[in-house]
Ligand SMILES: Cc1cc2nc3c(=O)[nH]c(=O)nc-3n(C[C@H](O)[C@H](O)[C@H](O)COP(=O)(O)O)c2cc1C
């Protein structure tokens, strides 16, 4: 008898998931993910710089009982890895946000819903049991922003991630060439792309969510797809300052994380308005091309934080080894963006679970070779620093 094999059986790494996602997701949506701003220099370097960090191997230590559990935002997690907010996740696979949130919940790691998600806050809350995290863009329409906060609270969210590195939109050339827009324009070229991906089409047709669920029908004057396109292009707020973030702090009584910090001065500002944590992030190399890589600035920000603010990081994390390098340098946790999105594009919820399993297994094996049994034991002593 031959057993029916799943295409995931041969997937050993996040890169394998990426290869599968490239086959299964229409080009315009695949490239929306696999792209950075302008030269893509920062995007590519984020991954490369992890390779400059080396581990210190230890032997002769009992590592038979290893455990990756930890805490993020005062909640116990199976491993210190949260799913990052990714706009348009539901265009990678029908109902993408719901499937990813369910996979994260079953695994015991946080899922962060983007303001610019396809499935809405309420859609995700209805299909999950545990509170998920909500990511906020402070839109020009402050009344709508305030409503988003209320909806997130009502849905049971206790952790808010406010993203600061988008006063204007960085340009990804691939999106321009693919004519990616929100909502996607239907052209002959896009129709051909969709029809060449029947599995993707089938899953999209099965879903009732195909536009920005948090916005349509909620933001003033946005009731149709054409008014949505205008609204999203107008709502990024280039006037945003720390005063506005103090307003958000006052509006949100839960755990507050500020995302998009790369500079010590901004860490101090974040701490002064009462943020409990920050995410060192360059938006996965999608905003300021030429910005430093996140793993390279991590040590100076950890040192400046002086244990007063929790430091998380994201950008270029593609393995359990990358997670451990960030933890060893002092991060309390990492966020993964593309790593789980490739899983989703490759195989829906099962693909997200597979991505988490790959990272988890890589962490357990690496911990054994470092001579460590617990995440709390990992530190600078596990690295060979220049
Ligand atoms: C396709 C895509 C869409 C994203 N959308 C958002 C978003 O809506 N809000 C946000 O705060 N960050 C967004 N990000 C940034 C991620 O939250 C995260 O910072 C980044 O993906 C980390 O880099 P990595 O993909 O290399 O892990 C997006 C990233 C990607 C790749």
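First residue shown is number 1, and so on along the chain.
Cβ atoms are placed via backbone N, Cα and C, with glycine included.
For the glyoxylate site, TrEMBL records 137, 172, 283, 286, and the single candidate of 32, 342 listed with them is 32. Checking each of the binding-site residues 32, 137, 172, 283, 286 against residue 314 (FMN binding site) by C-alpha distance, the shortest gap belongs to 283. Ranking the binding-site residues 135, 259, 318 by Cα distance from residue 283 (glyoxylate binding site) puts 259 first.
Residue 314 (FMN binding site) falls within a strand when secondary structure is assigned with DSSP. Put simply, 137 is the one of the binding-site residues 32, 137, 172, 286 whose Cα lies nearest to the Cα of residue 259 (FMN binding site). According to its DSSP assignment, residue 137 (glyoxylate binding site) is coil.
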